[in-house]
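Chemist: Structure provided below as structure tokens; questions to follow.
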């Protein structure tokens, strides 16, 4: 079995600690470095890391990635907040480092990826679609980022297919009853003690419905996605944005 | 077996026609009169009706009921739009006709009644509660009347129990994402082709959730409620508001 | 505010430790004793405990209860395995100790109690009913105890109401496809990684369905039931079997 | 717009009648022939039919198809009961008629196809999977054909991916509680008045679950699949088995 030497950046955070455990448990991975804030990135090269998993923050990640790419270390990145400018900078660094791969994966949940991909594929076959996301009541934003992303994917698929507008005869609405709109898709956010992170995408035609639901209960569930990223990035030079590209779904 | 002679007012409407069929099919009921708009109420007495099922409209129902009560005919009433004034008038008529019973049942769905009663009973045990109602996209109002009524019952039960406010940390909301508020209860209305009339009441505490869901697919499902009303009103003098009082739930 | 002095028996087990935390957190309770295996029950009286919460094992519980009753300490008991003989013994001890109360609560989940009580109440209104219980794949028994108990309650309610047999035209069944039967009620057990402990009771009539679902995700959720038992047993002399009797549901 | 001339075989059956309506309503189709039992297939050629939709029975379909293929008429076939021998015969006929296409679609439900395809794609990412199918109580077979087919597809995908066995610690099972097994996949069949035809595929990993549910409420919902078949078969010579091949899912 091929062994992959992995270093974790942001190893003392919750996701970082979980990732260290997951790498240690994986039969084909070896945890060679755990770096926290202030630690020297050179520990990665000293330890012979082939892949760095970056679970730090948007303000630290670019410095980390530049160093990794220059030193020929592949990276799997879980931070959010990527825009075109940052991605362009990354691409330019990667152009200068043939053979090095970087995966940007703002969502490591394989189940959430499947839900979104399936929703996008189902979209053009249905007249109606709505999204319900359900989370614990300590969440500050509504709707969730996953719901927003799902709505965008569904809306794009409908537009590409030339779908007619979603039927809705509501004329007498109590403010907010029909949810928020994201690119024409209605999204409802439920907040309930006892929930963790859940989402349903409901599709409907005359006489039939299709529902895709994902329930995410713990950080552990992201580890399959992190390891998938680690295993695939060593053979995928250049920039990959989105874990779905490593899932061979089509 | 006791046979109950039943007349149907509004017999040519959808609910009326269904009710005529249901009365005919019931082993302990006999359909003795079917009246439409303009028909003479005296047909009820001529036919010996003991119970009139009124499925007409708010503007016709008071005249019908006054006549029924004066003629000693019990009534089961499915129209909506009842306020205190109308109910007071009804009560005064019934005071003058001891032995006559009238049931006002704006909702004949036994399942919807159960959902609402159970929700009211569960309310004081839970920190969080939200309501999702789901209907076909031709519905013009959102949220549904059943969702509004459920929210009122749940809010009243919480107030009576002295429940603390429902937790919600949302500070960053896309307009409408968190639904409408009815007496402090969040209500979400989904509109989807393929749906008929459905509702979920979700309750949550740390570590557990209770969900009560009702699915209503056809008018046929109201007939059990109509027949329950017919069977019970003959022995229940005076005014009864709400089918739940005939369901022996407590 | 009245303060209740509480001792916990079996304090070092998982449920016991959780209960100690819950009693400490409750504003109206004081944790005065935590006993493990081999500890002297006299610590309860020394500490002035008014209520003992017994989370030990069937083989220890009778000795504990005899001692508590003789010493005028109320008890809230979470062990299972109660039969008529044991309950009769308990009753005889309690007869000799007027004013002392014992609650036997094999299930401390308020939500599960609500599900079962609601299911029992709904049963007579429906033609069809089935139960689906869903648990983690490390569970050794199928169906769950809660599913069995729910089936028994539903079957009893149907029998009392004189319900006709549940319709089922299955003639061509792959072995096991239609689930297990408990007193005529079909029960299905799902085992899936990611699940904790969940149950759905499905009721159906022509044109409508009612679903009651309970999701139990953590031991924390039992604490509300334990505390309810503690608060009520001090004013409820004699034997009470089942937490539902303290829930004022009817 | 291209107009497709369509003839319906078995036009007096329920599916046939519905198909005639759907073809008439479709802007790009023209209903040119409706044949019942005993009608002459030559009506198809007289009417200039380009596509025949065969909704007859297994004992009639081979004769119909042979005639259609010989006369250069494409066919969309909804009958079940296809084995390798029959398919081989069809292929031999089609070899002799280049340009003619036949679609065998035992299931015209686009939603059911999506559910099965998505389930097959998700299978390799999950440790656990079970299927719950829910139908009206007049159904004679359990589990349903769709559930069997889904289980086969999921099992094949798991085998191809080298998945380890599904975890299940059940040692104390009431007969039938854990459902039927189809190629190692547990399948549960619920029968409830009020249901029509529904299925859930549940996938689980540590800390997350994915659920795909399809609800089929009326025959109308099959018409989108029939029309998709009609539109695509005119440009797809040879034999196609399964509507999914016309859904461009990958």
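Glycine is no exception: its Cβ is also placed from the backbone N, Cα and C atoms.
No curator has checked TrEMBL annotations; they are predicted automatically.
Found this in TrEMBL, in case it helps:
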- D:139: active site, proton donor (ACT_SITE)
- D:10, D:11, D:12, D:13, D:14, D:15, D:78, D:79, D:80, D:105, D:106, D:107, D:108: NAD(+) binding site (BINDING)
- D:37: NADP(+) binding site (BINDING)
- D:136, D:145, D:146: (S)-2,3,4,5-tetrahydrodipicolinate binding site (BINDING)
- D:4-108: domain 'Dihydrodipicolinate reductase N-terminal' (DOMAIN)
- D:111-246: domain 'Dihydrodipicolinate reductase C-terminal' (DOMAIN)
Chemist: Out of D:12, D:14, D:106, which of these binding-site residues is nearest residue D:136 ((S)-2,3,4,5-tetrahydrodipicolinate binding site) by C-alpha distance?
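Modeler: That would be D:14, nearest by Cα distance.
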Chemist: Might you list, by sequence position, any residue in that chain lying six or more from the residue listed as 'NADP(+) binding site' with a Cβ less than 8 Å away from its Cβ?
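Modeler: Once residues fewer than 6 apart are set aside, the residue listed as 'NADP(+) binding site' is near D:10, D:12, D:56, D:60.
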Chemist: Reported as an integer number of Å, what is the Cα distance between residue D:145 ((S)-2,3,4,5-tetrahydrodipicolinate binding site) and residue D:106 (NAD(+) binding site)?
Modeler: 10
Chemist: Write down the Cα-Cα distance for residue D:146 ((S)-2,3,4,5-tetrahydrodipicolinate binding site) and residue D:78 (NAD(+) binding site), rounded and given in Å.
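Modeler: It is 14 Å, counting Cα to Cα.
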Chemist: Work out, from DSSP, the number of helix, strand and coil residues along the domain 'Dihydrodipicolinate reductase C-terminal' (D:111-246).
Modeler: 51 helix, 44 strand, 41 coil
Chemist: By a 10 A CB contact count over all chains shown, which of the binding-site residues listed here is most packed: D:12, D:80, D:146?
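Modeler: The residue with the most neighbouring Cβ atoms within 10 Å is D:146.
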Chemist: Please work out which residue of D:14, D:106, D:108, D:136 has the most C-beta neighbours within 10 angstroms of its C-beta, and give that one of the binding-site residues.
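Modeler: That would be D:108, with the highest Cβ count within 10 Å.
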Chemist: Within the domain 'Dihydrodipicolinate reductase N-terminal' (D:4-108), how many residues are helix, strand or coil going by DSSP?
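Modeler: Residue counts for the domain 'Dihydrodipicolinate reductase N-terminal' (D:4-108) by secondary structure: 42 helix, 25 strand, 38 coil.
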Chemist: Round to a whole number and give the Cα-to-Cα distance in Å for the pair residue D:139 (active site, proton donor) and residue D:108 (NAD(+) binding site).
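Modeler: Between the alpha carbons of residue D:139 (active site, proton donor) and residue D:108 (NAD(+) binding site) there are 19 Å.
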Chemist: Which binding-site residues (D:10, D:12, D:14, D:37, D:78, D:146) come close to chain C, taking a Cβ gap under 8 Å as close?
Modeler: none
Chemist: Just report the maximum Cα pair distance in Å for the recorded NAD(+) binders D:10, D:11, D:12, D:13, D:14, D:15, D:78, D:79, D:80, D:105, D:106, D:107, D:108, no decimals.
Modeler: 20
Chemist: Starting from the (S)-2,3,4,5-tetrahydrodipicolinate site formed by D:136, D:145, D:146, give every other residue of that chain whose CB sits within 8 Å of the mean position of their CB atoms, in sequence order.
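Modeler: Leaving out the recorded residues gives D:133, D:135, D:139, D:141, D:143, D:144, D:147, D:197, D:199.
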Chemist: Please compare the binding-site residues D:10, D:78, D:145 by how many other CB atoms fall within 10 Å of each one's CB, and tell me which has the fewest.
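Modeler: Among the binding-site residues D:10, D:78, D:145, the lowest count of other Cβ atoms within 10 Å belongs to D:145.
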Chemist: Between residue D:106 (NAD(+) binding site) and residue D:146 ((S)-2,3,4,5-tetrahydrodipicolinate binding site), what is the CA-CA distance rounded to a whole number of Å?
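Modeler: Per the Cα atoms, residue D:106 (NAD(+) binding site) and residue D:146 ((S)-2,3,4,5-tetrahydrodipicolinate binding site) stand 10 Å apart.
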Chemist: Cα distance, residue D:146 ((S)-2,3,4,5-tetrahydrodipicolinate binding site) to residue D:80 (NAD(+) binding site), nearest Å?
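Modeler: One finds 12 Å between the Cα atoms of these residues.
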Chemist: Could you pull the average pLDDT for the domain 'Dihydrodipicolinate reductase N-terminal' (D:4-108)?
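Modeler: Here the mean pLDDT over the domain 'Dihydrodipicolinate reductase N-terminal' (D:4-108) amounts to 96.
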